[in-house]
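Annotated features in Swiss-Prot:
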| type | residues | note |
| --- | --- | --- |
| TRANSIT | 1-61 | transit peptide |
| REGION | 20-44 | region 'Disordered' |
| COMPBIAS | 23-33 | compositional bias 'Low complexity' |
| BINDING | 143, 144, 145, 146, 203, 208, 209, 210, 214 | substrate binding site |
| ACT_SITE | 144 | active site, nucleophile |
| SITE | 193 | site 'Important for activity' |
| BINDING | 285, 286, 287, 288, 289, 290 | NADP(+) binding site |
């Protein structure tokens, strides 16, 4: 049986067909003859096949291969093969939103830093993910506390497998190790998770505001990127709305600390109380995190800080914004010299390799006696800026983002109460988002119903014009054309009204979906919709 040209140049579709034995070569007469016939000439798969994972989850039936069907087999298109096969679930059923992630709650920083994807690489990652056989859309949320991949998957099981293997390939971490630390969430659970993340409920520091800015950045970077499609972009845009609403309508952000402020608190906890103000402070990196560290040091009474950065421009801007603290700029090549004169060194750069190693630190002079001669490195970067080997130096103490749990463990009861306030909003917004996704299902039917009516209109108009002859003037032609369009639009008005729904009312949505299925059956639109999905998949694969 020849495969339709619709599949040519679409490896993803060909892979689906071949993987699930849907290619012509897979349907040999010998395999058919070995399968016993059931009632009414229906061929039932053997019992041991009924429990097979993947596509065959329920007993499936195949029509017996009669001589008539065999003679007609060559005329069946590839589309009809797919519609009558197990692969139909990939195109007829709604795809799933899936989260494959590792966070500070499930994986150590040593693993997260290997998985981290710089923001500049997000578009490339989205393109690679959408090139996988069972992935339609994708987004990456990579921060110091989490590495999460959001996808729209044709198949949950196979999509997760492909993404996990991709993560292993890009990070060098074995699949088995990733599986030990990853978490998987599907559809409603995935929706609730990103809403909780955006609201600051899943952060190490409850209610911290930086994560909302990071979610916004996912949308900003994703705009115009093939693969950051309607479902995933809609999910993240709704998550931004949730994050704003939670912070506006609850007091979750009141008194909340950020990762940077927690880092300052941790450093002060480790210093003798008498030296909290006099300790010499150095901040490596003048980005958002570094700026917040300086801000919180000033709030704690620090009057002087040395800031090491690649350029002086950002440091000057911070100096103007914070006149209450003396900020001394030093270039990056003086980093070790600055560290040798500091008691506490905060690191917050985007460097993908450590800035401080054991050989850099072991020859530095001891910190001042006021802090016990110990130099404290507080590293809030992922990947880490301070190698774990620095902790082997007798006069050095190293802390990373995972150590901030010691700071935020306090006030647990207050954190839980604030989280409960936010959960009410998140539950409400999750329901609205799922309803919006449901309402999207009617869009293909609306398009195909209009196209169906337009084909009939054009065909009948051509018949009418041919009967009227060549001597018809332009005015009459235009009038007849307008008449045909008016009739079609009036005829479609009622069905279209019953197909449009914003998802805000569950009862209305249910009725809308019933109307959609009825119209699909009456006008045979499912085949057209399926063809459109196949075409979209082919185009996505070719990009």
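Cβ coordinates come from backbone N, Cα and C, glycine included.
From a predicted model like this one, the values you see are computed outputs, not experimental measurements.
In this structure the C-alpha atoms belonging to residue 214 (substrate binding site) and the residue listed as 'active site, nucleophile' are separated by 11 Å. In this entry, 143, 144, 145, 146, 203, 208, 209, 210, 214 make up the residues listed for substrate, with the farthest two CA atoms of the set 15 Å from each other.
Counting other C-beta atoms within 10 Å of each candidate's C-beta, the recorded positions 193, 288 are led by 193.
Listed in sequence order, the residues 204, 211, 259 complete the 8 Å Cβ shell around the substrate site centroid, once 143, 144, 145, 146, 203, 208, 209, 210, 214 themselves are left out. Cβ neighbours of residue 144 (active site, nucleophile) (same chain, under 8 Å, six or more residues apart in sequence): 112, 259, 289, 380, 381, 382, 401. Same-chain residues at least 6 positions away in sequence with a Cβ under 8 Å from that of residue 143 (substrate binding site) are, in sequence order, 211, 214, 382. Sequence-ordered, the extra residues of this chain that approach the NADP(+) site, with Cβ no more than 8 Å from the Cβ center of 285, 286, 287, 288, 289, 290, are 283, 291, 292, 293, 314, 348, 349.
Cα of residue 290 (NADP(+) binding site) to Cα of residue 209 (substrate binding site): a span of 15 Å.
Across the structure, residue 288 (NADP(+) binding site) and residue 193 (site 'Important for activity') are spaced 25 Å apart at their Cα atoms. Counting in whole angstrom, residue 145 (substrate binding site) lies 20 from residue 286 (NADP(+) binding site) by their C-alpha atoms.
Every protein chain shown contributes to the tally, and the Cβ of residue 285 (NADP(+) binding site) ends up with 25 other Cβ atoms within 10 Å. Per-site Cβ counts within 10 Å over the binding-site residues 286, 289 peak at 286.
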